[in-house]
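Positions annotated as active site, proton acceptor by TrEMBL: D138. Residues annotated as active site, nucleophile in TrEMBL: R140. The GTP binding site annotation in TrEMBL covers R61, V62, H63, S64, E65, Q82, E104, G105, R106, T126, T161, K166. Positions annotated as Zn(2+) binding site by TrEMBL: C66, C77, C79. Annotation comment: TrEMBL describes 16-182 as domain 'GTP cyclohydrolase II'.
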Amino acid sequence: MHVPARVIRPQLHWVASSPLPTRHGEFTAHVFLDQAGEGTGKEHLALVFGDVDGAKAIPVRVHSECMTSEVFGSLKCDCKEQLDYAMAEVARAGRGAVVYLRQEGRGIGLTNKIRAYDLQARGHDTVDANRLLGLPDDARKYDIAADILEFLGVRSIHLLTNNPEKVEALRSLGVEVVGRQPVIIAPNPYSAGYLDTKRRRMAHKLPRLSTPSLSLVDTLAVDESRPSAGDAE
Ligand SMILES: Nc1nc2c(ncn2[C@@H]2O[C@H](COP(=O)(O)OP(=O)(O)OP(=O)(O)O)[C@@H](O)[C@H]2O)c(=O)[nH]1
Ligand SMILES: [Zn+2]
């Protein structure tokens, strides 16, 4: 059945919803079309578990797109495992949401992220690679996430994140963040330096990590039954 779009604000429209069975349980997927500025045509997603309308202090993950890890299994970052963990956590809590924002590469887009990866392959860390490209360390915005949460009727949240700046950004947009829940993923040999840079240079609340042995790569490559970080928690 086709339901007409609902205008959230002039350039952000709710456009579709459907049940979405996942390996973490049955969510409802809501799609929001962003027609503003550079975001023209971007489709953002909210995966909702249980009844969140009017809910307080529910777990919410505001996640930024990472095609390289989420689609292709890149080991350079922790994004896919964080997403899996968040979905499992929301389902475990019985209600909550994952807001999936299409701001690839901390908002610089896929092309620039791959350019940054090329610089990282030449020895630069994730922050310096962006700077060498003349780009901000983090170009993301969270106004759409705030609007989506308001649209869903969510009253207050526990934000699943290690990034205190994300908490502050959402608060400054009027989201009542009553707590922060860490999303700590064990490093692999390719992500350890990246995670350490996030801890040292981006103020992420991450533990000091020791670099795991390279033999873990072989394990990751051959063991398809490996439990996800979410399963391990
Ligand atoms: N520019 C750039 N973006 C990256 C890199 N690695 C991952 N990303 C992007 O970073 C975004 C995720 O941001 P993170 O800094 O990993 O984490 P966060 O969302 O700030 O914090 P958490 O809530 O704790 O996950 C996604 O959009 C990824 O595509 C990188 O090396 N360079
Ligand atoms: Zn990533």
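Cβ coordinates are placed from backbone N, Cα and C, and glycine is handled just like the others.
Because TrEMBL annotations are produced automatically, they should be read as predictions rather than curated entries.
Distribution of TrEMBL features across the structure.
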residue	record	contacts (Cβ under 8 Å, 6+ apart)
R61	GTP binding site	Q82, L83, A86, M87, E89, V90, G96, A97, V98, V99, L159, L160, T161, V183
H63	GTP binding site	C79, Q82, L83, A86, V98, V99, Y100, L101
E65	GTP binding site	Y100, L101, R102, Q103, E104
C66	Zn(2+) binding site	S74, C77, C79, K80, E104, G105
R106	GTP binding site	S64, K113, N130, D137, D138, A139, R140
Contacting recorded positions for ligand 2, chosen from C66, C77, E104, R106, R140 when the Cβ sits under 6 angstroms of any of its atoms: C66, C77
Three-state secondary structure, E65 (GTP binding site) (per DSSP): coil
Entries of C66, E104, R106, D138, T161 (recorded positions) sitting next to ligand 1, with Cβ under 6 Å as the cut-off: C66, E104, R106, T161
Number of other Cβ atoms within 10 Å of the Cβ of C79 (Zn(2+) binding site) across all protein chains: 19
Three-state secondary structure, C77 (Zn(2+) binding site) (per DSSP): coil
